[in-house]
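Here's the structure, in structure tokens; my notes come after.
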Amino acid sequence: MSLEKFMNEAISPWMRHDGPDSDIVLSSRIRLARNFSSQPFPTVARGEPLEEVLSFMDEHFTDSSFREYEGLQLVKMDDLQPIEKRVLVEKHLVSPHLIEDRENAATIISENEQVSIMVNEEDHLRIQLYFPGFQLDKALEQASQLDDWLEEKIDYAFDEERGYLTACPTNVGTGMRASVMMHLPALALTKQINRMTPAINQLGLVVRGIYGEGSEAVGNLFQISNQITLGKSEEDIVEDLHSVVQQLIEQERKARQTLMNRSPVQLEDRIYRSYGTLRHSRVITSKEAAGCLSDLRLGIDLDFLKDIPRTILNELMVLTQPGFLQQYAGESLDPEDRDIKRATLIRERINLEDDN
Amino acid sequence: MQCQRCEKYPATVHLTQVINGEKNEVHLCDSCAKEQGYMNQEEEKFSLNDLLSGLFHMEGSGSAGKLFQGNKQQQKESLQCSGCGLTYQEFTKAGKFGCATCYETFNERLDPILKRVHSGNTTHHGKVPKRAGGDLNLRRDIEKHREKLHQLINQEEFEEAAKVRDEIRTLEEELNQDKGGDS
Ligand SMILES: [Zn+2]
Ligand SMILES: [Zn+2]
């Protein structure tokens, strides 16, 4: 398979578009946890109840469309090879939890891959909607309408006092997790993000590194999301998140400006070294690649590097994950072979830009 | 405060027991509480790293104290969800509910847990589903109108207030019709 064709399949169509503030906010997501009132949750249910949920979803929503989210398709996890499942996780279309031996697990994905409805994860349904850039309000509005559309057919588990009933007490109430993925290289480089995290936590929001182990943020990518789901309205939760993200954007821009003013040559050097590494290395770990890609993206945002599309960071962060690498190779690879394949893929990707 | 049984270790378990109408305060250290059967062996196996399990553990042994009728352990063991068969013990161990009915079954024990997870909140203030919410949307709407009516009366804007009052009447009629339709 050619790299271009492979990339087209690998990158969700919505990811190719820029959104507001997309120099810093890569994507906005709303996730709603919902359950059928009549069936036990996947936490305890085995067999029949879960089968019923799955076949209900298949029957009512396969090949259906809601607005621009057309061509909904149900994909059963049991029908996929291990590498294909990993690929779905790496595209953030399903959670790692969904592919871990869950019974009757599936996901319903729209053609543009903005919508993904996980079936029989921890809850019967986990409705996810993605938007490029900083578009939390729009994501909430559309997710809520999608939710209404689903509710026309499904009897949700809902209680006047506790709200939407979920398997885990941490999700009850709105069942909503709103999150944004941010690229914060300057705040990370100046270690400001560590100082800001406690204050953000105080507001009931969580800052998490993406792709890294534990709290480490590989590629300077951070996810900011709400912790509390009960006692506040969806709009209030999103508003709180919105204002914190807005502040982080401003702080990141300031920090970038400061770096530019104080040590422009050092910054330029760092960016070009990373660019060189990506262009020429023959073996590269995912961690090193992520760091270099972050620098490369910063270089693009700061106009050091021209003619390279911004989305290269999102793209290559996904493409250089183990699942994708193995799919691209067409075989399973051990870690050392993956590091070689990763270097090759990145070189080819950057060369594509030279050809254009 | 010291443990009232061994008088050696600080009391970490605080309970108010009501037996035959008589109130009795109990303050024990962890190990005495275990020996006396206030905390059972299962609970001991909780992984402290697990945030949620930690929360549930706190519920039994935390400083907040709880009011229980009769023997705590007995009550815990007898509590089982009629919807999915999950026992309270299993619920605290896994930190997950088994079905919608679990929320009713364990309702009396949920407030402290929810408060800890959701910054003191225990009730939902967000979206109400169109069908599963029944007439809740309508009742909330009436509530909002009433608040507005109060405001307008306080501000002596009587003309506006009269309009809002009429709106409330219409909404209330709608609510009554819904109820009539159900029976
Ligand atoms: Zn003692
Ligand atoms: Zn239950």
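Cβ coordinates come from backbone N, Cα and C, glycine included.
TrEMBL does not curate its annotations; it predicts them automatically.
Because the structure is a prediction, the values reported are computed rather than measured.
Here the Cβ of A:Ile30 (ATP binding site) has 25 other Cβ atoms within 10 Å, regardless of which shown protein chain they belong to. Residues or ranges marked as ATP binding site in TrEMBL: A:27-31, A:His92, A:Arg126, A:177-181, A:208-213.
According to TrEMBL, the domain 'Phosphagen kinase C-terminal' annotation covers A:24-255.
Over all protein chains present, the Cβ of A:Ser27 (ATP binding site) has 24 other Cβ atoms lying within 10 Å. Within the model, the domain 'Phosphagen kinase C-terminal' (A:24-255) carries an average pLDDT of 93.
Within its own chain, A:Arg126 (ATP binding site) has A:Arg31, A:Leu32, A:Ala33, A:Arg34, A:Ser95, A:Ile117, A:Met118 as residues 6 or more apart in sequence whose C-beta sits under 8 angstroms from its own.
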